[in-house]
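*Asks:* What follows is a single structure, and I will ask about it in a moment.
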């Protein structure tokens, strides 16, 4: 690792409004920023370590202990960095910082050869929630901004409302606008079949993680014709990917800081491409540091990237960067955003420790 110093910072950014993640109500997004300084002192690169309560097994405190131990073992030895066995959020953040430093030192952006043509823009999907009236109002607002893909969160308590929202949405927009659903593994098989069969035919592109038991996704598809997308399953039980019939799947949703390492993310993106599945990069409410990195990955791994779940930066009151993240026409330009993601506003961070490497 060609770095002379490492810095660990804390951040705590309020959400625009509280969110709930699998029973955890959160008003602040807390995380760590790892900064690596080049040996010549010219460059400083950043990575984000931000486990999300309700999503990750590791806590922020455990993640910080682990990155501290890793840096302590690295200090003074200049040996090859080993990231095997680290928590997913720690491994991703460390590898992000290392890749970013290599890019700054070499002048070559990651995931693309030198002299490559500009990468394609990355379209975003906008999140829908609330009553059917609010869903339609929000959809109309985002369509005016250029968005053409939406994701509606499903909850057990409001499933009937969801059917009404989907019916109204499809009735107004038909197939000119794409609608995805996200059930977060909330439904038993029979309930999911009943729900899917109550929807207008062709009204949804896929349902993300519809079942409490993902192994039944093949049967769910056989009984409904509705395809699924895998998200949590990819890190909870990755072997299932190879047992679920390919025809039952529409996409792989990749949350890099849950999957444990950049190589694992790229392998899944390659699997999706080889099997004609959409690759949907998704953020776990991370800052602009990660959004810029993920947008780069999404743009570099597909000639025409699928709409991605990287719109979550809108839910944070600050993105930790000098410049706001912008998505004109509902798209991210990674060629612009990736360099901007290196310009971190240190005023929003609290220095925790400094390490000599």
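Note: Cβ is positioned from N, Cα and C throughout, glycine not excepted.
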*Asks:* Which candidate from 191, 216, 231 does TrEMBL annotate alongside 182, 208 at the Mg(2+) binding site?
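*Replies:* Same Mg(2+) site in TrEMBL: 231.
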*Asks:* Rounded to a whole angstrom, what is the C-alpha distance between residue 208 (Mg(2+) binding site) and residue 153 (active site, proton donor)?
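*Replies:* The separation of the Cα atoms works out to 9 Å.
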*Asks:* Per DSSP, what is the residue tally for the domain 'Mandelate racemase/muconate lactonizing enzyme C-terminal' (132-227) in helix, strand and coil?
*Replies:* 48 helix, 14 strand, 34 coil
*Asks:* Restricting to the chain of residue 153 (active site, proton donor) and a gap of 6 or more, list residues whose Cβ falls under 8 Å of its Cβ, or answer none.
*Replies:* 127, 128, 129, 181, 182, 184
*Asks:* For residue 231 (Mg(2+) binding site), what is the tally of other C-beta atoms lying within 10 angstroms of its C-beta?
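*Replies:* By my count, 23.
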